[in-house]
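Structure first, commentary second.
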């Protein structure tokens, strides 16, 4: 999962390109000059076909699982084996615990993420579009950006209690901060020539905003949302470790007290898979909405 | 030195523009007087820093003069207008819109009904030879095709004036020659007043009926050279003695201005 590096590189628009290139690398051949031309043939490093790369992906995962099985059966660190974890996963699935926890964690992260992104887009636009807006908002964003949202949890719990509100709030904050900076970057980096081109075709400020600035910054906004979702996901699990009636993080914390290793591992794996799925989903949406972009 | 016609479409009146960059003020343009007649094709050529693009942007209403003014059809320019179409060197197509949608952009803003828009867009796409690429995205086009799309987009809102800022500057030499011919063909079919900024001497002579040569520091008009070659301009003309002579004349004016040699050393 990516959230660790994403938090630090939120403000860097070039990080975007590297990241998406990195994410696509295992699936597509790296850096296709034109998508259609080089999809099938191996380009870039030039030796392996896409099929071979996918096969290597699977082989790598299988090898990892094998190593895990060996380590656990040898009893080296007291780790339960894949089979045991799979059985525990089946039990948790059957008694509805897993569904309940997943639902609770997802509900928290999605509500925080949605509120955060929805608020971040207009605020980011205000910062990018109006100098005065930027002057007012920027110090706050820059300050809170340096604080890991989780570090605010004790404060938030004292002021907001231990219900859903403080958890959703820290997720909101995590999502908001990554998305707002990205949106702002998108607005300020809109090509001035495009704005002039619209002006000479008769566009007023409102039209320029709606038909040039918004679409031109959409790739940045989507990247911000993706980073925000990753950050939110990382935050929710940790927030649940502290105090929650349910959720994947809380279940792990509870299992830890009973030395219930299989349950912990089931939740770790579910967290990883869900995080990966959400990231891929947003990546697909992003690729679809920004397919007009020139990719190098 | 500058000609004054009765009915100038574009008139630069004592135009002066200063810029301040990190505390230092420099004069981009000083005392520019120029008339461009209705339907005339004028090229502006000169060394970098001579203010030729500044002049064009002032005519486009994209920047305010420090003093003096630009008149378009006897009205002072105080902002962009759909009467003056601009074509930029970097094409400035909206990358998220298809070719058709790009050309349609200005028409939508003018609230043309959809049916009418379609007819106009089809017409100009055909004029620049992009009919087959109507649904392509800009990223799928070559540089020359992008610029043809930009020309169609500028034409579509039916401006009286076309201001072109080194439109072929980013193209390779072969494409450039082809684009010049195509531009003149388009211009012959639908005549507009054109002010075309370039740094290419050949291009300035081939396209224009009048070449304005600028000088730098401060940017000003150095010389005007009339190009007495008939339209349509042909390939033979490009190779003719008369063309060579005019080309030499413009070359001389651009590259052997008093002070140029020193400034470049």
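Cβ from N, Cα, C; glycine included.
Quantities reported herein were computed from a predicted structural model and do not represent experimental measurements.
What TrEMBL says about this one:
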type	residues	note
REGION	A:1-44	region 'Disordered'
COMPBIAS	A:27-42	compositional bias 'Low complexity'
TRANSMEM	A:52-71	transmembrane segment
DOMAIN	A:102-282	domain 'ABC transmembrane type-1'
TRANSMEM	A:109-130	transmembrane segment
TRANSMEM	A:142-162	transmembrane segment
TRANSMEM	A:168-187	transmembrane segment
TRANSMEM	A:220-243	transmembrane segment
TRANSMEM	A:264-285	transmembrane segment
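Residues 137-138, 141, 167-177, 179-188, 209, 213-214, 217, 221, 224-225, 228-229, 232-233, 235-236 of the same chain sit 6 or more residues outside the transmembrane segment (A:109-130) yet have a Cβ under 8 Å from a Cβ within it. Most Cβ pairs under 8 A with the transmembrane segment (A:264-285) among the ranges A:52-71, A:142-162, A:168-187, A:220-243 are made by A:220-243. With Cβ pairs under 8 Å as the measure, the transmembrane segment (A:168-187) is packed most heavily against A:220-243, out of A:52-71, A:142-162, A:220-243.
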